[in-house]
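In what follows, a structure is listed as structure tokens, so that the remarks can point back to it.
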Amino acid sequence: MNRKILKLENLLRFHTICRQLHSLCQRRMLAQWRHMFSSAYAVHTAQLYTRPWQTDALLRAALSQRRLLVTKKEKRSQKSPLPSTKSKKEVEVWLGMTVEELARAMEKDIDCVYESLMNTAIDIDSLETHSRLDEVWIKEVIKKSGMKLKWSKLKQDKVRENKDAVKRPQADPALLIPRSPVVTIMGHVDHGKTTLLDKLRKTQVAAMEAGGITQHIGAFLVSLPSGEKITFLDTPGHAAFSAMRARGTQVTDIVILVVAADDGVMKQTVESIQHAKDAHVPIVLAINKCDKAEADPEKVKKELLAYDVVCEDYGGDVQAVHVSALTGENMMALAEATIALAEMLELKADPTGAVEGTVIESFTDKGRGPVTTAIIQRGTLRKGSILVAGKSWAKVRLMFDENGRAVNEAYPSMPVGIIGWRDLPSAGDEILEVESEPRAREVVDWRKYEQEQEKNKEDLKLIEEKRKEHQEAHRKDREKYGTVHWKERSYIKYREKRQQQPLKPKEKLERDSNVLPVIVKGDVDGSVEAILNVMDTYDASHECELDLVHFGVGDISENDVNLAETFHGVIYGFNVNAGNVIQQLAAKKGVKIKLHKIIYRLIEDLQEELSSRLPCIVEEHPIGEASILATFSITEGKKKVPVAGCRVQKGQIEKQKKFKLIRNGHVIWKGSLISLKHHKDDTSVVKTGMDCGLSLDEEKIEFKVGDAIICYEEKEVPAKTSWDPGF
């Protein structure tokens, strides 16, 4: 009876406690339960604490259900409400935003943008505040910042107005007047192009050129006895100056192709023909050196047939003139053939309006600053004209002809030197006249902007490629380490990281010795271009890396020396000077300055410098040779040692040198001798015709009658680079 009353009282108390479960957690509820039972019924505490929900299935189910409801409610109350899309802050963005502009639009610090771009494919270190962000990265920053993106129509649709200068439309035929032809003399090196031009000009240009080869484009206006004028461009024939020859054909009307009658068609001859065909320029053939006994003009004409240059003698339209630049033979005939072709072409130009032309060559003069040689193609150039070429502009201060005489005006087809450039334009740049200095600056700024846009596109392309590489590497890592235990994975990654750590000082020194940093300075833009084109053919980076640190036009400067010291490089100068102060500074800092006036000498020097960075090659030099006549073995201690009985056939055998065993043309063994005996006596040298017995430092080698023993010494010889620049 007492137990039933006790059970009823427990049920009543249980209902009271259940009402409190809505506001109390499980732990607090159990603590209160324990407290209530222990204070009211101390005698039955243990029983009351365990039995009501452990023994009664109904109570146990009710309590379990109550706990579940309370737990769900508490969890629901603990969850923070998700921010709705409407509550996100909208950020107005546009294409091509800079880091600074994006931070300002978000009303955040710039660091917020950098933090959002961390652990992405973009290179944070190279990211500046003015760097433009691609659409992908703008979206990434907005997303990580918990904001909503909104495209700005005004900014997105706004396109920068094109401010570039362009050529004028074609002139009215009524305004055109006849002009002199622009003739380019082309051909293989040393076929007499400059000597031929000397005869026409009655000058000695060839004698003044270093090494007797042309290394610039020379532009000259030649007046013939008949009163006709021809502008000649003398292009280099050397292999290194391919770009100059190509540039020469772009501004020319006629090409005089010079081929030596005793040498025939050569590599640069073929290249010159191709340049002329690409530019759709007619050719006049000048077969030079016809005064020589071995001259064969007909052979030259036949060789040219293979390159689609068909002379009039063979039914073609190419005029061929047999000349001798040395004696002056048929010089007038060549000039007349050129004038006749020019008349057929009906060359005309508009001498009015804004000037148009082309930069033939550019260089920096110490006293006059940047100077260009140009061909005027349209309009009349005068002092004070405002010109734009590439990303440079000029207000013409002075003009001069090929003889250095000042001129006031330059007409179409006239070569002229121009002084007044703010920066040095590149050879081949188009010259356009504009109305004012502000307009010139505007054009240059626009061209720089366009160049920057192109660079940004290339950079973004590289970034995207890098991102894909990282994703691919991450995917491969997951495949590689997916099934590996985390401890093993950590160890493998640690080991790989150790392999990628910076080199030790000794290793770094060895690595640096296989790199040649160079600084190239030239007298004119075209010369530097030619040297860089040759360096582009370098294909021996596996032997020694060729690192172009800096290049430019002008004499060697203090900055060049400091740069060479920083990179442990070599300075190469072509047709430039290095003053005494500069040379002393270079000597003090241990910097090599190498000056040359002939391009192939410079390239040879570069090859030698590259070779000096290579490890020496060990070569084998034979001293003597012996043939094995008999084999036997001797006992030394407890082991048998094989011995070969030999006769020296060539030279002599020296015990201290290296040896190799040859069998059927194959090397069986290389090493040293343990013993060398003549009869029964130890000896160090056995000469030709003498017999000897010898044993090797490797006991497992078995001798056979007829084998050859070669005695040789090893010598270290300097290695040579495998790079062949092509000349």
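Even glycines carry a Cβ here, placed using N, Cα and C.
Annotated GTP binding site per Swiss-Prot: 187-194, 234-237, 288-291, in sequence order, evidence recorded as similarity to another entry. Under the heading domain 'tr-type G', Swiss-Prot lists 178-348. Marked as phosphothreonine by Swiss-Prot on the basis of similarity to another entry: Thr688. Among the features that Swiss-Prot reports, region 'G1' is placed at 187-194, with the record citing similarity to another entry. Residues or ranges marked as region 'G2' by Swiss-Prot on the basis of similarity to another entry: 212-216. Per Swiss-Prot, region 'G3' is recorded for 234-237, and the stated evidence type is similarity to another entry. Annotated region 'G4' per Swiss-Prot: 288-291, in sequence order, evidence recorded as similarity to another entry. Per Swiss-Prot, transit peptide is recorded for 1-29.
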Chain-internal residues near the residue listed as 'phosphothreonine', provided their CB is under 8 angstroms and they sit 6+ positions away: Gly624, Val648, Gln649, Lys650, Gly651, Gln652
Local backbone state of Cys290 (GTP binding site), from DSSP in three classes: coil
Mean of the pLDDT scores, which run from 0 to 100, over the region 'G3' (234-237): 54
Other C-beta atoms that fall within 10 angstroms of the C-beta of His191 (GTP binding site): 27
Count of other CB atoms lying within 10 Å of the CB belonging to Cys290 (GTP binding site): 22
The region 'G1' (187-194) - residue tally per DSSP class, helix then strand then coil: 2 helix, 1 strand, 5 coil
Which of Gly187, Val189, Lys193, Asn288, all binding-site residues, has a Cβ with the fewest other Cβ atoms inside 10 Å: Val189
